[in-house]
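Q: Take a look at this one; I'll ask things after.
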Amino acid sequence: MPDADRRDSQEKGFLNHMADKEQRPGRSSRDGKLPEAEKKLHEAVCVLLVELCERFTFFGIVCNMILFCTAKLGYRSHQAAMVNMCFVGTSTLTPVLVGWLAEYLVGRTKLVCICMFLHFLGTALLPVVSFPFEDVHIDRRQILLTLPKREQKILFYFALLTASLGIGGIRAIVCPLSAYSLEDCGPKELLSFFNWFHWLVNLNSAVVFVSISYIQQSVVRNLGFLIPFVSGLMAMITIHMVRGEMICKPKTDSSLLTTFGVIFSALKTCGVRYRYLSTAVANWLDHAKENHGGHYSETQVEGTKSLARLFPLFTFQILYRTCIMQIPSGYYLQTMHSNLHFGGFVLPVAAMNVISIVPLLILVPILECINSWLFSSKDTGHSPTIYIVVGHLSAALSVTAAGFSEIHRKHFPQVEQTLSEELLLVSSMPCFHLAPQYVLLGVAEALVTPSCSLLSFWLVPERMRGISMHFLALFNGAGCFVGALFVQTAHAGTQGTWFPHLLHEGKLERFFFFLASLMMVNTLGFWAVAHRYNNLHEDCTKEFRGSLPGEKLLKHEKAIKSYNAVLESSPILSPVEKT
């Protein structure tokens, strides 16, 4: 009996100690709850504002880059398409690079200042490059200033590079997913977050494609680059005002270097053992463990194993991202060489991109209702893999429709059309005939991007989620560069026939049909491996999450906290028993 009393008193003392430890930072739960909620809401609003301003700047640069490169810099169509895709790919990859620099080489606050300066420099140089110096005169005989084409192109590339590095710093340090506090969200809440997040981003891009593209094309020619500069300046001012709340180190004990190190160590050890020994292991990555001759702990290797299961998902996104990149490249050129006149008004070329955004804006609320119904059923293991398969199929159909639209466009007689004071010979086919291919690609984006983000975030341990999203960004960026490589190969391999400068002189439809056939194979390939990610229930994802020692310890600590909360709020225990 005395031993039982002693154990009870020790248990109560331990629980009271845990309760005091939990309540110490917030003083009292009732007094600190409201300010803490207001603080989180304030931080979320600031992060979202910076995110939208940064996206506004990014889309403002991308929306009319092809028209600027062809009309102002004298590029061929395939060269302008490649520049646009490479800029998008670089802006996708730089958050991964800047995140690594912030973690190992440079302090996060110092790196944010550097990236803000690069962002300011890049967005400030773009209006300088696009400034119409030839239209400014001292008098009737002498031009005020001229910028040679070679120096203009060098300055343009430097501006794009510095702007993309600045974009990467803002996305990696100020606006990472960890800033939205998604740690305690389930798959339903995560999918809802990704759906509405991409909905807001695309609503922002719709405004950009309508407003900035019209200003750049019709009002002040290429000085529309001043608008991305202003939006970037707003983002930097917001970051400076709340830098103490928005610049913080993410909660992680893993890194890209560790992940790559585990993979290379496993490959090296596996090769040595295959040549000299015959030791069998359950997984090839187990060779990187210390007890199997490697240099990494079991926790690090198990985390990399959970991430490696997502590599097929990432790989099949490369070709899909190549198809999506047809909007700012192949589709843009098709629209630019079609009749843009509508009721006496010349539509901006990039305004056609809004047609690909409208399906996403409509589908997200519908998908939210479907997801609420599917996730509410406890007997079914709903997975967004079916969304990804349908989205990939929609992308393949979109590129196929683009090929038929190109054939259809050539049947119309040619007319003269002026864009940015450049006279072009284009098809008289109304640009709205291209709407089906834009709609299909918009449906694909509404289905694939949020679902792929959910799988990349949910099917790994919490400590690996940031690394998983970095790998998704790496493969998405690779898709942009693969698209540029396809354009260059198609143009060089066919002497400009498959990706011509003047579309009526070539066979652009063959390029689209080739890409569509690859995308169909890609869709079938993902369908074959989709069963690996078919169930998001906790029991079915045990092999993905919670199997690491750190995860188990965290769950045990959460269980103790939950038990303590029950003791504090239970009406069965008397006040004397609680103390």
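All residue numbers here begin at 1 and follow the chain in the order shown.
Keep in mind that glycine also has a Cβ here, set from the backbone N, Cα and C atoms.
Unlike curated records, TrEMBL annotations are generated automatically.
According to TrEMBL, the protein carries these features:
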type     : residues : note
COMPBIAS : 1-11     : compositional bias 'Basic and acidic residues'
COMPBIAS : 18-33    : compositional bias 'Basic and acidic residues'
REGION   : 1-33     : region 'Disordered'
TRANSMEM : 82-102   : transmembrane segment
TRANSMEM : 108-133  : transmembrane segment
TRANSMEM : 154-174  : transmembrane segment
TRANSMEM : 196-215  : transmembrane segment
TRANSMEM : 222-242  : transmembrane segment
TRANSMEM : 345-364  : transmembrane segment
TRANSMEM : 385-404  : transmembrane segment
TRANSMEM : 438-459  : transmembrane segment
TRANSMEM : 471-491  : transmembrane segment
TRANSMEM : 511-530  : transmembrane segment
Q: State the residues, same chain only, that lie 6 or more residues beyond the ends of the transmembrane segment (471-491) and have a CB under 8 A from a CB inside it; answer 'none' if no residue qualifies.
A: 78, 81-82, 85-86, 88-90, 92-93, 95-96, 259, 307, 310-311, 314-315, 317-322, 324-326, 329, 452-453, 456, 498-500, 511, 514-515
Q: In terms of Cβ proximity under 8 Å, which residues at least six beyond the ends of the transmembrane segment (511-530) contact it?
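A: Tertiary neighbours of the transmembrane segment (511-530) are 312-313, 316, 319-320, 322-323, 326, 330, 385-386, 388-389, 392-393, 395-397, 399-400, 402-403, 406, 486-487, 490, 498-499.
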Q: The transmembrane segment (154-174): which same-chain residues, six or more beyond its ends, come within Cβ distance under 8 Å?
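A: For the transmembrane segment (154-174), the sequence-distant neighbours (Cβ-Cβ under 8 Å, at least 6 residues beyond its ends) are 47, 50, 54, 57-58, 61, 73, 83, 87, 90-91, 93-99, 102, 108, 111-112, 114-123, 125-126, 128-129, 147, 232, 235, 239, 246-247.
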Q: Under a Cβ pair cut-off of under 8 Å, which of the recorded stretches 196-215, 345-364, 438-459 contacts the transmembrane segment (385-404) most often?
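A: Answer, by Cβ pair count: 438-459.
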